[in-house]
């Protein structure tokens, strides 16, 4: 029976598909809005979480020095998660800056679990500099600016890459970070290349730790790091906002989902009633409905979540830029748990469905005839009003109790949530009544308006849920915005008053700040003491009238300054007084350096932005505690006797006197502080707007959809003779009235919310409060923007509502569809190409790369060595290995060299496949670093603990390769040549395009025999090779070596290439290559190499190479050489052979069948779906 | 008062004629019943007369004004001023009270209505229900409200589409009494589309639409 009922519902859905689509659209809107906000929240919160600093640091013992040589040896011993950090203070633009040299290359190794902001250092590795926000402010630098440093050295200008990131763990907030090679080039006089420390990023087990300690030379020690992270008060406030936003949109989404589903049920009510009257069991109806709605929920939420993820991914760059530039918080999608976000959205849909189904279904299945009175809504309305009043009173009581009795942030948040819900309840209950009061004899003069108002009253009853979600979003927007505005105004006023001097100097030598005839220097002392046993910072305040006026009191005694000057009392900041329950006139015990004295609380002052407790005493109090008890603060106030028009002479004097002094005027200090303030709340404002848009859209759709009920009214009005235009205006006017009333009602609740946030949550969360101060303009902007948005959708929706062609909902659907399609079109307009070597993009410069010259053939063995003048080069080894059971193990080891405008960078890739596992890792280095070696006599290529050791003769073969994976086995490869080197192309010049613009030097050694040992003991993650827990596996097989260099291969026009090396069972070898050039025909080239080394170069007329299917990433290929009666089918040994590194490509073993059998390797680059499987 | 001349209408979805060449005439104070099988086009003809639907050919003249050639907005205005309509489903606006429903056309036309309202309420027996909600009324009462609404602005032509179709026999009689007597007493022409012979018998004349043609009906 249930299936029959379900069939009826499906038919109903098919017949009324636009409503189903609209309902789905609402679900998708909620899902995408929620998921995108949650994703941004997660990423932003992760960014705000103190960055995961290094787990350990290796430093020198007292009297010893740690150097780059130590670093190189440790990396070669396998400590590849260590990064070298060097440091010195440098004077730049007359400011003292902490200049760091950091070896950022190890940070590119994606196998390291790098935390938080360390990832941002990757950018340093590309030859630019990174600067902290604070240092950038000091130097007045913006991203992209150039800088010459230090002042006394003539160095090329340095491009600044980032100017606004949080302080890195372990580095000061005043940091300019350079690649360590640049750093030592700059300070080349320091020949030993001393380091501050080697940071070790990864946690280690006790045994691993012991092993690491054993590796250290006697002069070094390993320390666990607990590097201090500055408290970020603004960050706390910001993260509080983020959590509030997530909660808000969750509630809004829940309302939207419930509303959408209950609307669908409302449309079904008649059908359900009919079915029930026909004798269909309630159970069957309920089951069928649940199945149908569940389907909608799953589809809607999944599509919504995917859309949300897509939007976030699409806009990730923009979001990241905003977060990093505005909020000093790097944004990384990798820190997000997409699964948990998706599951939360699904759960929300399920809850929404449960709420939506239970109540309306009971009404629909009501068998008792409605009484006349209830039909008219009299008794029902009265009962509902009583119930609403009771619930509202209970909620109000709960709010008051929570606010009065609780002192925790969580209780405050619960009270606020209840407050918003109470508002929602009151509004939805009051809205129909309010509208009904507008239907009075006065409005009878305008019959259409009269009808519209009367109709709006009924309409408002039916769109309660959607109105609630919009109301909540608007109240929250007004409340949060009101709180931020108030905080901003209070902070600005506080700064204006508190900064008593017109200028300040920051220095570590405050006593040496020069004074002049006109300028008096006011230093300040600080002591770390205890008040009633609670540790806090005690500072002194000069007792002059000028400083007295600078204090902004929340509370104070009448004789505050008399008692203060006499040293009988102190002043406390709000946060300390609140946290410790201290009030004015309380008697306290002040302890500094063992001296204790009773003190009276004379005043409680405002101290915004300071997370810590602070007390202020008269200078005499600190003096009495003894000279050793106090330290001078690093800020010195400058008080001119006469007003100063030009500070430049004093700044010059200051610069000549102190090397580290930093001068700043009061206004500059205020400007910087307020700029940081404004930047902090940009994102939360954005998220508020998203919540508002989502809720407004849902509300507008609901109104438009529900206006279907007006159809008979419209018909009647039309029959009376009222024209469609007038009716349309009347319908629109009722939308206006509903939206306007909800918007207006949200204002007082929003202001109330702001007040509660300031007076309760702020106190419990931060310990301070400030006056409510909402900008009317901003208030109007928020309410007005939401209102206009609502009306826009409503207007579009009713455009056809009075026509005979389409009901109102269809237009809303069309609008929604257009929005989605246009969004996708914008997304799809991007070029669908994956960049090759995308991690090494570089700005164009005047640097000229050497190009391939056909006249100069390859000259071996000299050409085994690197060719630094060329842009790109690789030494490339591939081998299909087999164990004793003849199972295949494709292995690849490649060393790449990149020339970036003259700067050489090396990257090595190692990949080993077993039947069950795949290990892939990458290493980076550059010449000059102690863990990189490139030598020719004998041949040696070494990065970290990966080594390619060739023969004494300078030949790369015979060779011994040692490749220990960081998280995998140790691979030792012995390679013996069994045939000659083979030049590709003509004399080793390989032409790769028809116009010969793409060309390289290229030779191979296809005749290599490999013997490999794979040891499992170095596996850090517990994985083993194959299924048996063996410690060593022996493998053998053929190997193929390529060495290629060029400056004419990678360009904007090259989409990618497909490369094959094939070992035929008869001993012959084939190299096949296809270059895919944008908007040009593919170019195919190859080489057939007989077992005796005789080669036959092949062009595209002599050889065909084509994908066997139309898959986006072609893994099956057809290769034919007609002149040799050769036709091969090439298929991968394993489907999943992606190498997921700095750039991603497909590389792995292949089986060869057809006229000849064999095996080989395949490399596919530049495919747009190359991230699949990564 | 009403002159329909050679009016034709085809089905919207095919080229077949619903009816063709229909001509009829109704004088002021006269009543005409239109009968016919379901789907023969009775209601369509009524809607053409009201100007809610346009005919494929022919003309409709009401009180000397040809309405078939008027623009939609002018047809609306003409309908508002000169025609009252009564529907089988009553088509009352449930968010308005009885009196607000009745007075709606007059208020729209900005015509005085108090005197006529009192008369109609009394005639219809609705004095004690004038401030009630529509949901509180019985079917018969609702239709009486609809009739009062159709007459409030003194139209010259009243068009009723199955006015008793949703009512029981006793209530139908009461409603029909009201409709016919009030139309006559107000001097309005009345065109009633109905299936009920009892209702048609109350009209001065009755016609039937058969095979797309109008035929006089005499044997009621």
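Sequential numbering from 1, following the chain as shown.
Each Cβ is built from the backbone N, Cα and C atoms, and glycine gets one as well.
Outside the transmembrane segment (A:238-267) by six or more residues, the chain places 16, 19-20, 23, 26-27, 29-31, 33-34, 37-38, 41, 44-45, 48, 289, 293, 296-297, 300, 327, 344-345, 348-349, 351-353, 355-357, 359-361, 364, 413, 417, 420, 462-463, 465-466, 468-469, 472-473, 476, 480, 680-681, 683-684, 687-688, 690-691, 694-695, 698, 702, 705-706, 761, 765 with a CB less than 8 A from a CB of the stretch. According to TrEMBL, the transmembrane segment annotation covers A:238-267 (among others).
Residues annotated as domain 'ABC3 transporter permease C-terminal' in TrEMBL: A:244-359 (among others).
Long-range neighbours of the transmembrane segment (A:288-316) within the same chain, counting only residues 6 or more positions beyond its ends whose Cβ lies under 8 Å from a Cβ of the stretch, are 2-3, 5-6, 8-10, 13, 20, 23-24, 26-36, 39-40, 257, 260-261, 264-265, 268, 272, 331, 333, 338, 341-342, 345-346, 348-350, 352-353, 356-357, 361, 820, 823, 827. What TrEMBL lists as transmembrane segment is A:288-316 (among others).
Per TrEMBL, transmembrane segment is recorded for A:336-361 (among others).
The transmembrane segment annotation in TrEMBL covers A:382-404 (among others). Cβ atoms under 8 Å from those of the transmembrane segment (A:382-404) belong to residues 411-412, 414-415, 418-419, 421-422, 425-426, 429, 756, 760 of the same chain, restricted to positions at least 6 beyond its ends.
Sequence-distant contacts of the transmembrane segment (A:416-444) (same chain, at least 6 residues past either end, Cβ-Cβ under 8 Å): 247, 251, 384-385, 388, 391-392, 395-396, 398-399, 402, 450, 453-454, 456-458, 460-461, 464, 467-468, 471-472, 475-476, 737-738, 741-742, 745-746, 749, 752-753, 756-757, 760-761. The transmembrane segment feature in TrEMBL is assigned to A:416-444 (among others).
Sequence-distant neighbours of the transmembrane segment (A:465-484) (same chain, 6+ residues past either end, Cβ-Cβ under 8 Å): 241, 244-245, 248-249, 251-253, 255-256, 258-259, 262, 420-421, 423-424, 427-428, 431, 681, 684-685, 688-689, 691-692, 694-696, 698-699, 701-703, 738, 742-743, 745-747, 749-758, 762, 772, 774, 778-779, 782-783, 786, 790. Annotation source TrEMBL lists transmembrane segment at A:465-484 (among others).
Residues annotated as transmembrane segment in TrEMBL: A:686-706 (among others).
Annotation source TrEMBL lists domain 'ABC3 transporter permease C-terminal' at A:688-803 (among others).
Marked as transmembrane segment by TrEMBL: A:735-758 (among others). Among residues of the same chain six or more beyond the transmembrane segment (A:735-758), those with a C-beta under 8 A of the stretch's C-beta atoms are 403, 412, 415-416, 419-420, 423, 427, 430-431, 434-435, 438, 452-453, 456, 459-460, 463, 467, 470-471, 474-483, 486-487, 699-700, 703-704, 707, 769-772, 774, 779, 783, 786-787, 790-791, 794, 798.
Distant neighbours of the transmembrane segment (A:778-798): 470, 473-474, 477-478, 481-482, 485, 689, 692-693, 696-697, 699-701, 703-704, 707, 728, 731-732, 735-736, 739-740, 743-744, 746-747, 750, 808-809, 811-812, 815; these residues of the same chain sit at least 6 beyond its ends, with a Cβ under 8 Å from one of its Cβ atoms. Taken from TrEMBL, the feature transmembrane segment covers A:778-798 (among others).
If you look up TrEMBL, you'll see A:810-827 (among others) marked as transmembrane segment.
What TrEMBL lists as domain 'AttH' is A:873-1047. Summarising model confidence by region, the domain 'AttH' (A:873-1047) averages a pLDDT of 87.
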DSSP helix/strand/coil residue counts for the domain 'ABC3 transporter permease C-terminal' (A:688-803): 99 helix, 0 strand, 17 coil
